[in-house]
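Going by Swiss-Prot, these are the annotated features:
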{"type": "COMPBIAS", "residues": "15-31", "note": "compositional bias 'Low complexity'"}
{"type": "COMPBIAS", "residues": "70-84", "note": "compositional bias 'Basic residues'"}
{"type": "COMPBIAS", "residues": "162-179", "note": "compositional bias 'Low complexity'"}
{"type": "COMPBIAS", "residues": "180-192", "note": "compositional bias 'Basic and acidic residues'"}
{"type": "COMPBIAS", "residues": "247-258", "note": "compositional bias 'Basic and acidic residues'"}
{"type": "COMPBIAS", "residues": "341-356", "note": "compositional bias 'Low complexity'"}
{"type": "COMPBIAS", "residues": "358-367", "note": "compositional bias 'Basic residues'"}
{"type": "DISULFID", "residues": "320-323", "note": "disulfide bond"}
{"type": "DOMAIN", "residues": "31-156", "note": "domain 'CoV N NTD'"}
{"type": "MOD_RES", "residues": "190", "note": "phosphoserine"}
{"type": "MOD_RES", "residues": "192", "note": "phosphoserine"}
{"type": "MOD_RES", "residues": "378", "note": "phosphothreonine"}
{"type": "MOD_RES", "residues": "379", "note": "phosphoserine"}
{"type": "REGION", "residues": "29-160", "note": "region 'RNA-binding'"}
């Protein structure tokens, strides 16, 4: 019978790791930029924005009485053959008493200014939030708990857990990722279920294309490392690396479509955004060791919480419904189409038709990127446009470095 001091082990449940990100600083800096990312008009000469709710971005650091400010129009231009041409305006939020219109009182009439206030806000008070120094702080992602701008405006999705390292990732993604335009309000919770998966897959493909090529030997090494360190190389199926998909036990994530497409399935990229890092898994999990005849088995129990107000909440729920115990199934929108009578016949030497000559497709010239917007501007315009960060198309999304698994590759 063993005796001695307690080993320090506990049966207490593992901590719940919640999704989130850096909070907006409570005190401003010497910069004069908005703390928040911009909303952008979809068309030239769009009217000022109208909001379903208060129009004040979420900021849990402020009391309800301080939740008031103004949206200010920022004219934008981009270079063209004739010099430059205007592009749809951007609108930035500032708290009352801060920013370019710091001398105005709440409600003072001025062109290009839209005043907003939350319920119960003391609009006679002036904020001590200050403004942002772009060299020290990133823009804080926009979230509206009570409704965002009308359908004439959109904004780019920025994850709440993006750090400063996310700026270069977002810029590189913006430079290479362009997707078709869509209808509906950009960034609203109700419009976030459209083609997020396709955008995520596009980012992965573009980064693979831009990065160093993975040789056949490297891919084979990635797929045959120690099991817990394996990653799926391009062109590999899930079951080639992690074994057949199952139900009700380990290896139960992934439907037939995900198994076939591997990492090119955008749902993989989306869910990697919720997977814990190595450190989080080790220090945030409940670790259970068990000696077995074949060796030591370590079990890691980890919980990631996706808040219900997360813009991608419905997408994560949908992916889980499709992929957990999903072997033998496919997404409803990916059911194989029935083959026509002529194409369903097996081809033979005598009956196979001669292949039609394919027309060569013209290569599309890459469009000029929006990050050239500040070129050919005067020094004064450069200063006023200094805060135009993350000036991406509606389809650009940055999942963050951890979601792309670059440390594993």
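Every residue number used here counts from 1 along the chain in the order it is shown.
Keep in mind that glycine also has a Cβ here, set from the backbone N, Cα and C atoms.
What you are looking at is a predicted structure, and each value in this text was computed from that prediction instead of being measured.
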### Query
For the compositional bias 'Basic and acidic residues' (247-258), what are the same-chain contacts with Cβ under 8 Å, counting residues 6+ beyond its ends?
238, 265, 267-268, 271, 322-331, 334
### Query
Per residue, counting other C-beta atoms within 10 angstroms of the C-beta, which of the disulfide-bonded residues 320, 323 reaches the highest number?
323
### Task
Over the region 'RNA-binding' (29-160), work out the mean pLDDT and round it to an integer.
88
### Task
With DSSP as the reference, give the number of residues of the region 'RNA-binding' (29-160) in helix, strand and coil.
3 helix, 45 strand, 84 coil
### Task
Tell me the residue counts in helix, strand and coil for the compositional bias 'Basic and acidic residues' (247-258), as DSSP assigns them.
3 helix, 1 strand, 8 coil
